[in-house]
């Protein structure tokens, strides 16, 4: 068996609907690590918000966060690569965000800033994890009233990703068309009600290349698990792309394998157990 590395998306893949990995899967992955297989994560989440998962499974490699815009090493507690959104294009994005009055999040190299019309702080806290898969991390997650966005000095921050969230899923294609008018950005739908905005050419495969170039990761000896449209490029970059059965049609179309069970029923565990037995 030439499998040496496994990379996991988090939301909808390694994590159950309760936002934690299932125990049976965790124990199996720890056994694989003991056998020399390296494990890490590739997520749309900020590295700040990946940390909770790393308490269940310690990654052997830096994690690919913000859809590839920031690769972070938990061992050294330092970023090893950052590709931020160019400050020149942020005003155009800001204009769109303010015009359409949708909740949005600035992911930076140090914090996450949320801007929302939800004035009930308790409601904001409860929906952070349920809606956008965000862990409640004190001091690193700043919730602001929507109007505060006018005062946000983006030039003082290294912005790796902007997450746009709408309550109306049917509005996503319309919002995507507005983003098409802005040059030098890339966007993808990581959830049916959200759009992730990054610098042009940034995606999870971009983050993967950082590991290939700096950490002796061979794509021909690598498996990737994912479930969403933002996994397509990294699926196309490795030998064994695996989509969860609960994944999007586009993710499954670009996968070599599809799990029998979903993320709430140890889909990863059952797939790997069968795959490694052959």
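Here the Cβ of each residue, glycine as well, is placed from N, Cα and C on the backbone.
According to Swiss-Prot, the features are:
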- 9: active site, nucleophile (ACT_SITE)
- 9, 11, 227: Mg(2+) binding site (BINDING)
- 10, 43, 44, 204, 230: phosphate binding site (BINDING)
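Among the binding-site residues 43, 44, 230, the ones whose Cα sits within 10 Å of the Cα of residue 11 (Mg(2+) binding site) are 43, 44, in sequence order.
Long-range Cβ proximity for residue 44 (phosphate binding site), meaning a same-chain Cβ under 8 A and a gap of 6 or more residues, is found for 11, 66, 67, 161, 163, 190, 196, 230. The separation of residue 9 (active site, nucleophile) from residue 43 (phosphate binding site), Cα to Cα, is 5 Å. Residue 227 (Mg(2+) binding site) falls within neither a helix nor a strand when secondary structure is assigned with DSSP, and so counts as coil.
The Mg(2+) site is set by 9, 11, 227; from the centre of their CB atoms, other residues of the chain with a CB within 8 Å are 10, 12, 13, 14, 15, 43, 190, 226, 228, 231, 244, 247, 263. Residue 204 (phosphate binding site) is 10 Å away from residue 9 (active site, nucleophile) when you measure Cα to Cα.
Using a 10 Å radius centred on the Cβ of residue 43 (phosphate binding site) and all shown protein chains, the other Cβ atoms total 30.
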